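Only one structure is covered here, and it is reproduced in the block below.
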Amino acid sequence: MAAAAAAEAECDVVMAAPDGPGETDSDEEARREAEAFKEQGNAYYAKKDYNEAFNYYTKAIDTCPNNASYYGNRAATLMMLGRFREALEDAQQSVRLDDSFVRGHLREGKCHLSLGNAMAASRCFQRVLELDHKNTQAQQELKNATTVLEYEKIAEVDFEKRDFRKVVFCMDRALEFAPACHRFKILKAECLALLGRYPEAQSVASDILRMDSTNADALYVRGLCLYYEDCIEKAVQFFVQALRMAPDHEKACLACRNAKALKAKKEDGNKAFKKGNYKLAYELYTEALGIDPNNIKTNAKLYCNRGTVNSKLRKLEEAIDDCTNAVKLDDTYIKAYLRRAQCYMDTEQYEDAVRDYEKVYQTEKTKEHKQLLKNAQVELKKSKRKDYYKILGVNKNASEDEIKKAYRKRALMHHPDRHSGASAEVQKEEEKKFKEVGEAFTILSDPKKKARYDSGQDLEEDGLNMGEFDPNNIFKAFFSGPGGFSFEASGPGNFFFQFG
C-alpha cells in the first residue's frame, strides 16, 4: 500500500552533536545515555517492534529533549503504528529544533498527507526540495499530494452534481495516499449512504467512531443510514448527538428536521387512514412525499400507503401508479407488489397481476402467495376465453330466468334471417354473433357446464367441442312449441316476427 510504504522511513542513526562548548560532564553523560536509548530504539525499529521502539525513543527525548533526530525517529515509529496526529507533532518539533532537518520535513509532509492535508504536505515537500533539490522521495511525494488535491476538487464538483459513485471512486483513490483522513472517509460514507449502500457506509462511520466517539460527522452519517433505512426514531437520536458535538452542523440539523417532519406526516396519514378519512390520508401522504426525495425506503412505503388509499377511493389506475413508484424505489417491497397485483385483478389486467404474484411467490413461497398466484392464473385463463356473460349482456350472478330472457333477446336480434337483406359483410358478422349467443346459452343454461366455465376449466377438455356447435338447433329447441315463431318478409330487407 502506498501510504504504508511512505510511512516506513528509516530512523536516524547518526550520533547527536554535542550541545556546545559549555557542555558539562553531566550533560555529556545524559547525551550518551540518550544515545544508548536511541540505539535500542533503532534495534527494536529494525525488528518492527514499534511499541518498544517508541518507548526507547521517548526515553531518549526525556533525557535530551532538544535533539531533533530523537523526535524524528519517534515520529517515524508513530507513523508505522498509524498514529499520524502524534507523529505530526513530533515531526513538527524536530524541524522546529533543526529547520535543515530534511527527514523531519519529509515526515511532517507524510503525516499531513496521510491525514488528508495535501496543501500543508506540499509545503513540506517543497521545503525539502529547497534543502535538497535532487531528493527523489520529496519529488514523488509532491506528485502524490498534487494528485490528492485533484481528487478533492473532482469530488467536490461531482458531489454538487449528485454523482455519488464518482465521489466514492475519487475518495477511494485519495485514501490510498491519505489513509488516516477522516474527512475523506466521512465523505465516502455519506455518498455510500446516498447510494443506498448502508452497511458499507455504517462500517466506515463506525470505524471512525471507535477512534473518536465524539466525531459529529461520523454520528451524522450513522444517523443518515438509519434515516434512509426507515429507522427514523433511532436516526433522530444520532442527529441530536451530532448536534450536541457540533451545534452548527448544517447537514445534521437539516436531516434531523426532515426526519421529524417525515415521521409526523406519516403517522398523521396512518391515523387518518385508520379513521376512514381517506381524502385527508391522501393529502398527508402526498405532503410527506415532498419532504425528502432522497429517502427511498420511507418514500416507497408512503407511495404504497397512498396507493392503498387510492384503492379505497376506487381510483385504481392511480393506485397502480403509486405502487409502481413504490417498487421503482424499492424492488424488494413485497407489500407494494401485492397491492398492485390486487388492483390489476380489480381492473381485469390479469397478465400484469400474474407477473406481480409470480414475483411475490419467488421471493416468499408461502401458501397464501401460492393461492393468490393460482387465482390470478385462473382469471387470466378465463379472460382469454369468450366471455359468455358479456355476450348475453348479463352479470355473473344472473338467474336462470335472466339468462333465458337475455338469450331470447339476443338470439332474435342476431338471427341470420333477420339480416338476409343486409350486405354480405353484415350478414357474416351477425351470423357470428348469433352463433356466440347460442354458445353462451348452451353453457350458462346448464348448471354443470356453467360451474366448470366459472371455475376456469377448459370446456373442450371436458368433451364439449364448440367448433361443431350448431346454434340453429338451440334456437329451434328454445322457440319450438306453443311459444314458437317464424320470420315473415314484408318487403325487401324488412321482417316481422310471427309468433304461434
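The backbone N, Cα and C atoms fix where each Cβ goes, glycine too.
The feature repeat 'TPR' is assigned by TrEMBL to 34-67 (among others).
For 216-249 (among others), the entry in TrEMBL reads repeat 'TPR'. Residue counts for the repeat 'TPR' (216-249) by DSSP state, with H, G and I taken as helix and E and B as strand, are 27 helix, 0 strand, 7 coil.
For the repeat 'TPR' (262-295), the residues of the chain that approach it from at least six positions outside its boundaries are 194, 227-228, 230, 232-233, 236, 301-303, 305-306, 308-310, 312-313, judged by C-beta separation under 8 angstroms. The repeat 'TPR' annotation in TrEMBL covers 262-295 (among others).
Under the heading repeat 'TPR', TrEMBL lists 334-367 (among others). Residues 300, 303-304, 307-308, 311, 316-317, 319-320, 323-324, 326-327, 373, 375-377, 379-380, 383 of the same chain lie 6+ residues outside the repeat 'TPR' (334-367) yet bring a C-beta within less than 8 angstroms of a C-beta in it.
Taken from TrEMBL, the feature domain 'J' applies to 387-457.
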### Task
Determine which residues of the chain contact the repeat 'TPR' (216-249) at the Cβ level, with the cut-off under 8 Å and only residues 6 or more beyond its ends counted.
182-183, 186, 189-190, 193-194, 196, 198, 201-202, 204-206, 208-209, 255-256, 258-260, 262-263, 294-298, 301
